[in-house]
Amino acid sequence: MTGKPAYKRVLLKASGEALMGSQGFGIDVSVADRIANDIKQARALGVEVGVVIGGGNIFRGVAVASKGGDRVTGDHMGMLATVINSLALRTSLHKIGVDSVVLSAIAMPEICESFSQRQATAYMDEGKVVIFAGGTGNPFFTTDSAAALRAAEIEADALLKGTQVDGIYSADPKKDPGATRFDQLTHKEFLDRGLAVMDTAAVALARENNIPIIVYSIHENGGLADILQGKGRCTIVSDN
């Protein structure tokens with residue numbers, strides 16, 4: 001890997017579902033290990049990496065609300081699921097010698113450190129991979145919004161969203177064979193089209209802070225390093 005990376009510091013958003021692999025629930029350790037290896041390759045390029053992982057492989061707060069339950073409690077349960085996933089990724093990173101730390105938006109000092117912007121940037125300056133757990137710490141906000149928020153706080157050069165497909169499509173390509181993939185969109189075009197790959201609050205926050213969003217397939221081995229070097233299939237959401 002000799003290509004010069006296009007970004008110095010990035011925030012990687014991975015869905016909880018990505019950690020399931022072919023399982024119907026929970027964490028496939030082999031998938032966590034592969035994502036960790038992708039992050040190691042990014043670090044080898046000299047790129048500083050922050051990570052936000054969703055919790056949908058374990059629990060979704062909206063599922064509680066849809067069945068008449070309390071959305072706030074459901075979202076708190078979902079935040080705890082992101083902590084579990086974050087600890088799993090940290091374990092996978094440590095196995096391959098990548099120094100990493102979990103910072104949680106919800107205080108749980110016996111398990112991981114609490115989030116602060118200053119500490120997060122200090123760790124990244126030291127070369128550590130920082131995994132942000134607990135979402136934003138508030139209900140009614142998705143982990144997409146948490147990713148955009150943390151990207152702004154650490155002054156990331158880009159927000160990378162690893163998904164099930166290789167970019168943003170006009171429709172779900174798994175359901176519509178005629179769906180077309182976009183190479184590039186502006187933040188406004190994304191919002192105007194009502195595309196569902198990332199929630200509007202996250203995209204609006206990225207736009208306000210001039211953070212490009214890059215959507216790519218998280219299932220490609222070495223895909224993260226390729227994207228960082230300007231290679232690979234993806235969609236770039238940027239106003240520049």
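Every residue, even glycine, has its Cβ placed from backbone N, Cα and C.
Residues or ranges marked as ATP binding site by Swiss-Prot on the basis of sequence analysis: K13, A14, S15, G16, G56, R60, T163, Q164, Y169, D172. When secondary structure is read from DSSP and collapsed to three states, T163 (ATP binding site) falls in the strand class. In sequence order, S15, A18, V197, V215, Y216, S217, I218 constitute the residues six or more apart from T163 (ATP binding site) in its chain with CB-CB distances below 8 Å.
Sequence-distant contacts of T142 (UMP binding site), defined by Cβ-Cβ distance under 8 angstroms and a gap of at least six in the same chain, are G54, G135, D199, A201, A202. Taken from Swiss-Prot, the feature UMP binding site covers G55, D75, T136, G137, N138, P139, F140, F141, T142, T143, and the record attributes it to sequence analysis.
Counting only same-chain residues 6+ beyond the ends of the region 'Involved in allosteric activation by GTP' (21-26), those with a CB under 8 A from a CB of the stretch are 57-58. Among the features that Swiss-Prot reports, region 'Involved in allosteric activation by GTP' is placed at 21-26, with the record citing sequence analysis.
In this structure, K13 (ATP binding site) is part of a beta strand by DSSP. Reduced to three states, the DSSP call for Y169 (ATP binding site) is strand. Separating the Cα atoms of G55 (UMP binding site) and Y169 (ATP binding site) is a whole-number distance of 24 Å. Ranking the binding-site residues G55, G56 by how many Cβ atoms sit within 10 Å of each one's Cβ puts G55 at the top.
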